[in-house]
Amino acid sequence: MSAVLAVVLPLTLMLLFPAPERYRRLAIALTPWSGAALFLPLLTRPEVAFSWPLLGVSLRVDEVNQPLILLTAVAWNLSAWFAWNTIERDRRWFWSGWLGALSGMSLLLLAGDIASFYIGYALLTLSAYLLITHEHNPQAWRAARVYLVMAFVGEAAILSGILLLAGTIGNADFASFTGHHETLSASPARWLLLAGFAVKMGIMPLHLWLPLAHPVAPVPASAILSGVIVKAGLMGWLRFVPGLPEDPAWIGWTLIWLGLFTAFAGVVIGLTQERIKTVLAYSTISQMGLILAAFGLTILLPDQRNALLALVGFMALHHGLNKAALFLACGSSLALGRIGTVLFALPALSLSAFPFTSGYLAKNALKAAVHHTPAEILGVVLALTSTATALLLWHAWQIARHTRTRNPSLQPSWALLVLSGLVLPWIWAAGHDLIEPVKIYMLWAAVWPLILTAVIVAAAVRLNWRASGQIPEGDLVVLVEQLAGHLPRLLAQRERRHRPHSHLLDRLHQLQGFFEHHQRSVQATGLAALLLIGLLWLTLWN
Amino acid sequence: MMDQLMFWTPLLTVIVSALTGIVIFVAGERHALLRIILNLAAAIAKLLLVVMIGLLVRNGFTPEFRVSLVPGLDLVLRADALSMLFASLSAVLWLVTTVYAIAYLERSPNRARFFGFFSLCVAATMGISMAGNLLTFFIFYELLTLTTWPLVVHNGTATAIRAGGTYLRYTLSGGALFLVGLVWLYGISGPQAFVAGGTLADHAVDARLSLQIIFVLLTIGMGVKAALFPLHGWLPKAMVAPAPVSALLHAVAVVKAGAFGLIRLVEDVYGADLVADLGLDLPLLLIAAFTILYGSVQALRQVDLKKRLAFSTVSQVSYIILGIAIGGPVATVGGIVHLVHQGLMKIILFFCAGIFANLLGVKRIDQLDGIGRRMPWTSTSFTVGALGMIGLPPVAGFVSKWYLGAGAVEAGRTWVVAILVTSSVLNAAYFLPVLKRIWLHPPPDQWPHEARVSRLETGSLVGSAIVAAVLSLGVGLLAGHPLSPLNWVDSIVAGYFP
Amino acid sequence: MTTEALALIVFLPLLAAAGAVVLPTAWLGLSIRVGLMPLPLLLLIPTLEVLENGAYRIALAGHSAPLGIAWQLDPLSLLMLWLNVGMTLLISLHANCSFRPGQPHAHRFWPLWLLLFAGMNALLLSADLFNIYVTLELVTLTAIGLIALEGKPPALRAAMRYLLLALLASLLYLLGVGLIYGQTGVLDLYLLAERLAPGWLSVTAIALMIVGLLIKAAIFPLHAWLPAAHGNAPGPVSAILSAMVVKVSIYLIWRLWFWGVPEWDLDRAALLLGVLGGMAIVYGSLAALVQQRLKLIIAYSTVAQLGYLLLLFPLASTLAFQAASYHLLSHGMAKAAMFLAAANILRSLGTDRLRHLAGIDQRLPLDVFALALGGVSIMGLPPSGGFLAKWLFLEAAWSARAWSWLILIALGGLLAAAYLFRVLAVVCLHPRRRGNHRHLKRTPDTASLAAMLLAVGAIIAGFTSAPILDLVEAGLPPGLPR
Amino acid sequence: MIGLALDLLIIVSLIGLAIQSINAASLFRGILHFVVLGLAMSLAWARLDAPDLAMAEAAIGAGVTGALMMIAYRRLIEIQPDQESSLRPPPSRLAVPIALAAGALVGVIGLAAIQAEPMPALAGTAVLENLGSTGLGNPITGVLLLFRGFDTLLEITVLLAALLSAQAVTRQVDLDQSLTTQDPDTPLVGALLAIVVPLTVLVSVHLLKAGGQETGGAFQAGAVLAACGVLLVLTGRLGASRQYSPLVNTGLLVGLLSFILIGLAPLLWGQPLLALPGLWAIYWIESAMMISIALTLVLLFAGAGSLKRRDHG
Amino acid sequence: MDSATLYVLAAAVLFGIGVHGLIVSAHLMRKLFAINIMGSSIFILLVATATPISGQADPIPQALVLTGIVIAVSATAFGLALMVRMSQETGKATLAVEDEPENDD
């Protein structure tokens, strides 16, 4: 029941929003708390199935979705408070989108079968559109357009994959996937699904929409877009394309290198950006690359699979909370002096894997996992990602310092989110045996990248390196847009001139008139009769 | 008593509408109230009748009416599960459309003619759904052409007349080929009763080529109405008709008659196995697939709302044909159930387009800006329909798409999934911008042509659209329910694939 | 009984015509009734006889065949008689409105009308080639008189042309009859079969007679007289001419062909006639497509539809016979309905130019409906007699594997739809000016009713074919393949 | 030999007159030639051993037709005195070939028919065999009234139909316009009529009576009687009328009615339809027909619905 | 060459003349002459080609021709009346195609 409530409550509230004012009171009162409904299933851990709605719906909470449910519940609810206080114009649309996205997110997280997951996913995708377009300015429209195009590219891949799966195993429960290993590993569905969900996650080169869309949304919306919604793609991976025992190593390696490439490329491009939310968006891309690398490891190292999967969930939780907190920072603080600085710095450091932060935990666990495996070399690379992240966040901080916000105010929800970003991952890690004992070399491994960062920063300041503005926001999308610019012309309807319809008839009329003119004379009929007599004679006479 | 009931009820469904039509003609233009009452009463009576027959069929009876036209040539009306599917769709949508049409045509001239033919059109549709053999099907099929033509040209403008001409050129030519095929088939194997799995398997060896040609002829005949490429040309032009007509043409009567006929042809005359054996399934599949894409691309190019919807229909109806062409139980379910789903969804869209045009004079897509604020309910209904067309859950369209895709994979035609997905993307490409305009753009200062209408009228118009929207949402949401069309179709298809 | 009934069927209208001439105007209505009304009842008696015992033959004046004239009533002629009687009665209902006794042309119209009726009945009964010639002349002369009755110049011209060509046709026929008599020494149609060997004189004779009849039947390319004549005649006259009069000529060709010379090798000639029929279908339809007047469209439609009756020759089977007979029947009713409806429209509008017909369906709904229903049957759309006929034709063509005829028949329906829907489209067009039809004259209800009855008859013919087809089958010439 | 020469002479004149009647410079001369052509035709019939036809041709073909044409011509020139100057003959490059072909067709058919094996003319033989039992001497009358009486019945119906049709197309307005010559009351006319009328009546009665045994018959007699009527009309003794006249109408129909009623009557006592009950019936019908035919022809001539007597002083 | 043959040839020539006249004459009365001449030629043919029965002329063809003559007269009389009326209505006694407006009412 709690699972159903978590899905249906936001949906109901959303449907109430277009209604006239007096019916909306209840909706308004409940909306900031609607995310909290997700805590209930987290506590009750339900497992329910209904046969009659749609193609059958089953909902459940299990190991895989737990961290993400937690993330969603916390980040969404706190962002909702934030939004409640800051969003002023056009609230109906904002909240419709917000609640729709929440409902979709909840459904996809809780879904236990293919169809339900897809329904949630589609709802999420569409509702997020409303969040992105909220500002109604040209940038927003552009971003929304790119978002929608990319979302549908992803959706297409996902739908293809899902239909391919459905054709072989029907609307299967995820729990039963293990029974279909052979089908799954051979099916192109897998690759389609991987690619489709990668769009949502912002894995390069499918990230086009992300650096455009995240910045244009209102602050709280950006927070959940970057913090939570991108994780929907991850959820898809975890559900649909978990690593299989038969998988060859190259799959793992491919994913890992793709993830690492995304991680670094995101940072490089992010460093050239001038708007803080854009920088943060690229940071998200980078971080998701990291998570992809971790996901790749689950395939590469099958014997550590379960631990690594838990780790991936943990990383998602950690990144989600902290990145959401960082985004909220853009909306409120930055001029608030010390408190603001602290509240910005804490999540930033955490993401950079500063010792004893949740990021540190994650990195440590990863490094431990690759230790003494063929992927050992990754240890160094992972450390370098911390350097890169730290650099990027430093860049963000630099921009933030020079940005003036109107009406700065300290939103408690922001502070709470920062706090939960510090605390919750630790609690989670403690509960899931993810805390490695502190060892010096590990500490050092966490610190040297940051020192490297400091050196680079110092050098940059000294040498006055400026890379800003060299790569446009959204990088590749500019090229794509230029190409796509020709499409409307191709599609444009050419008005065909309507030919006078009687043309043929007129011609026929003349012809018939001419014919009849000559036919009417007795002579013609006589001649015809004579000819006919002859013909008949010939044909009768054998 | 029971025997009599079994004999007459199928005919009664046809008679109810036909009689209504005739009485409306006779009553003439002046008796507006009588006409309204009669229309509604007949629609409700028909619905009840269909429900009753539906119950009979569900309990294993097969009501059948039979009369001989020429010795050896019977007119047979029989209610089986498939016919009840189509009949109930028609009955439900007729009721809704009647309410809509009464409000829509308030104060316009020639209403007696309109509603007369409207009723006759439904009678023909009923006949099509109940037809028990190919000849009966053909008779009502042609009757449908006849009765829809006056509706298409109802506006009486030169454009309407031209459109009507185009409509006839296509449908009557198709009908002629149909007839040739029918006679040919009759010559080979006698009257073609609809029997699950077909009856022609015995002739597959000695009359192989004939059967192939006949199939092509019949497919062309039905494909014209189903707007299969390249036989779809009439459909966009027929958009000049009043909105209820477009709605009826697209959702229930005409295109569906064609699609329904193809289902009958493939499943009940030839049988899916024989179609596959004759090598006809792949060409049909290819045509359907191409039509799906072609219709979507064309829809993308339209600026007129109704035209865009029309091409959308071209594309969507081919899903049905796609389903039966793929073969295999799952895809067949998807195809047949789309008959219902597409009907429900498309009728919303046309209702809404009609409301926009009628109340605000909005006909082009670029005029839709901000109409969502002015007409939230209509726009919401439109949104439901549009999302369903794209195939987004939980609207009904998703269910069909799911079954089609899964069925294609099951039948080993994986590439069809690509068609489905591409079509979905294209659908999104031509519907989402419309939705964006409706909801997110600022409204203009003045609407093109604002009509002053009574609340009752607006209520009936919008109400019909909402009912249709609720239905299509409901059918999708409750797809798993034992009484849903999906399960009904499941049981039908179980007969085809024992 | 049968002889008496048949005698009355011929002589009662004749007497009534005489009565209409000789009696004062006040008695005209009575004469009409006496001449028309009892006929269906009278016809019942021979019907029962024929159904029971097959063909019925009367030697007139007691002199049997080679010497005297015989009447022969077989199922086919029975069907034709019924058609003639039924159609004439229904059309008379209409004529009774436009030519109500007391109105200007009534006392001229009715005697001719009754003579035409009697002539047709005599023609259908006659088994004697020369007697048929005389009846044909009677029918032709009365028909032309009826066409020219109202004295409008186009009608007069049309009548004159018809007269000249009909006389030419009669001469050809008469020459043929003379030659046949020279060859066989008999004039009885049913005695020819065994006596007429396909020598080259007899071939010439048959060819002459057939061409003569083809002229009277207005088969393309000998149709030139028909559209103007049927298009300008008074409504009831157009109706009976198109529905029955032209068709009996083709009926006579059937008789000659299948009963007169059944033993001949006719394949090539049959093909020729079939081709003529096909050309008639195509040409008539195309010509109808470009006419600007309703009645001319319907008249050209007759030119086209007559072509189907010739398809019987190449197909030559039981099915084809049923098809042709059924076509004759349903086309007759439909065409009569259309002409009557057109006459009503013409009468109330003062014109039947297409462009003036816009929106007329609101004013004359019943007539337009009759027009449309008749059109449905002509197009061969179901459910209608026209459809069944087309179906049977197609089946016959299929059975004979005659693909070209099959295509032609299918195409013919489409062409018919093209020209008929052109009319209906105009009718549905909104009139440009509201006052377009302000000066409408009311049509009498009976006039519309007659049109409607015939139209409904044409539709109902789509359901009740069995007895008629059985009748046709019973009356087939021997030795026809199924 | 002389016969052949006579035949040739007749034939040449036939051809010449035919050409002239069609191609004569004026329409009037054409009519004259046509009437003479009729007379030549009757000579031809005589040469072809068909005296009945000769008689009929002379009376009907030449006489009545000629009179009808004349009166029609007169009506035409009242409307448009110059009948032909404004007419352009239809362009006809094909006329001669068609005419040649048609002529050749008829010629070949005729020659072939003559050359063909003589077939037993069953019907003709039967007529000659059965004639004896009827009491009639003229086989043609036998054929026309007894053996193929129905033809004759329909034939007078055709004549009636032609009259009715002609009446239907005749404009009724100018009926009362006199058809008479300028000066009807010349004494000579009266005297002439006093001789001619009884004479023609006598001739026609004779023809009628003769018809039974030798040449003659109702048609010939009717035509002669009609000639008398025409004369009366031309001299103004009879005038066209629009008035309904029971007498005229009864006379018009007495032939047809008698034939039908006497033909139907045998059914009452079980005899075959149209089996005439004896010679009296034949004569009765012949006489009635004669009157009807004569009246019909006169009415056709007068272009009128009825006739009425006119008194001249 | 007997007289029957001669008359047959005469009939042929007459028929040709009739046909020619029918075609080339503009005036309706001349067309009626032509038709009548054609009719006469056919009648001659019928009688001339009849086979005598034991020396006696076959009465049947003669009876037929007699009927034919009457019918021809009837038709001619009607044709004349029609012609007169046409002339009254249109001023001309001709069927020239040029006079007819197309599709006349």
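Glycine residues also receive a Cβ, built from the backbone N, Cα and C atoms like all the rest.
For the ranges C:41-59, C:79-97, the feature annotated in TrEMBL as transmembrane segment maps to C:79-97. At the 8 Å Cβ cutoff, the transmembrane segment (C:109-126) and the transmembrane segment (C:237-257) share at least 3 close pairs (sequence separation 6 or more) and count as touching. Here the transmembrane segment (C:132-150) lies next to the transmembrane segment (C:237-257) in space: the count of CB pairs under 8 Å, restricted to residues six or more apart, reaches at least 3. Only residues 6 or more beyond the boundaries of the transmembrane segment (C:201-225), in the same chain, are considered here, and those with a CB under 8 A from a CB of the stretch are 129, 136, 140, 158, 161-162, 165-166, 168-177, 179-180, 182-184, 246-247, 249-250, 252-253, 256-257, 260-261, 273, 276-277, 279-280, 283-284, 302-303, 306-307, 310.
Away from its own ends, the transmembrane segment (C:297-316) comes close to residues 217-220, 223, 226-231, 238, 242, 246-247, 250, 254, 257-258, 266, 269-271, 273-274, 276-285, 287-288, 291, 323-324, 327-328, 331, 335, 338-339, 342, 354, 378, 389, 393, 396-397, 400, 402, 405, 408-409, 412, 415-416, 419-420, 422-423, 480-481 of its chain (Cβ-Cβ under 8 Å, at least six residues beyond either end). Under the criterion of 3 or more C-beta pairs below 8 Å, with sequence separation of 6 or more, the transmembrane segment (C:269-290) and the transmembrane segment (C:449-469) do not qualify as touching, having fewer than 3 such pairs.
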